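In Swiss-Prot this protein carries:
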- LYS20: ubiquitin cross-link (CROSSLNK)
- LYS31: ubiquitin cross-link (CROSSLNK)
- LYS60: ubiquitin cross-link (CROSSLNK)
- LYS103: ubiquitin cross-link (CROSSLNK)
- LYS104: ubiquitin cross-link (CROSSLNK)
- GLY2: N-myristoyl glycine (LIPID)
- CYS3: S-palmitoyl cysteine (LIPID)
- CYS4: S-palmitoyl cysteine (LIPID)
- THR28: phosphothreonine (MOD_RES)
- SER42: phosphoserine (MOD_RES)
- SER56: phosphoserine (MOD_RES)
- SER98: phosphoserine (MOD_RES)
- SER141: phosphoserine (MOD_RES)
- 1-43: region 'Disordered' (REGION)
- 121-161: region 'Interaction with LAMTOR2 and LAMTOR3' (REGION)
Amino acid sequence: MGCCYSSENEDSDQDQEERKLLLDPSNTPTKALNGAEPSYHSLPSARTDEQALLSSILAKTASNIIDVSAADSQGMEQHEYMDRARQYSTRLAVLSSSLTHWKKLPPLPSLTSQPHQVLASEPIPFSDLQQVSRIAAYAYSALSQIRVDAKEELVVQFGIP
C-alpha cells in the first residue's frame, strides 16, 4: 500500500522526459515503434457529448409534440356536423339501454319523505349516544367470547366390515 519511489534520488532529465510523455499524451511522438504512423482516435470532448445528448432529447421531444396550429383548420360542413351528432347520439342510446339498472336506482337512498323535518329536529342527546356505544361494546365482547367445545367426534364410524 504505497509507492516504490524514493524522493532521495534526484530525477534525471530522461526520467522527467518520460514522466512528461506519460502524463501528457498530446506530446507523444508521431512515429510508432515499428516505423508506421500511429492512428489515434480522437475522443469526443465533453462539450460534444453534451451537445449530442441535448440534440437527441430535442429530436425525441419534437417527435412527441403535436403542433395544433399547423393542423388544417378546415371547419366541418353543417351536414357533417349533423351526421356526427346523430352517430354519437345513437351510440349513447345503445350504451344507455344496456345500463337500465342504473336508471332505476334513486341517486340517494330515501329514508324519509321529508328530510327537512329530520334535519330541523333536535339532535340526539349525548347520553343516548353513550348508551348505544356501551351496548355495542357489550355485544362485541359477548360475540368475541363465544367458544365451540367439541364434545364428541364429528365423524362417526359405522360398524361396516
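Using the three backbone atoms N, Cα and C, a Cβ is placed for every residue, glycine included.
Feature annotations (Swiss-Prot) mapped to structure.
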residue : record               : CB count, 10 Å
SER56   : phosphoserine        : 10
LYS60   : ubiquitin cross-link : 9
SER98   : phosphoserine        : 8
SER141  : phosphoserine        : 9
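Separating the Cα atoms of SER56 (phosphoserine) and SER98 (phosphoserine) is a whole-number distance of 49 Å. If you look at the region 'Interaction with LAMTOR2 and LAMTOR3' (121-161), there are no same-chain residues 6 or more away from its ends with a CB under 8 A from one of its CBs. Secondary structure by DSSP for the region 'Interaction with LAMTOR2 and LAMTOR3' (121-161): 19 helix, 0 strand, 22 coil. Annotated pair SER141 (phosphoserine) and SER98 (phosphoserine), C-alpha to C-alpha distance, rounded: 47 Å.
In this structure the alpha carbons, written CA, of LYS60 (ubiquitin cross-link) and SER98 (phosphoserine) are 44 Å apart.
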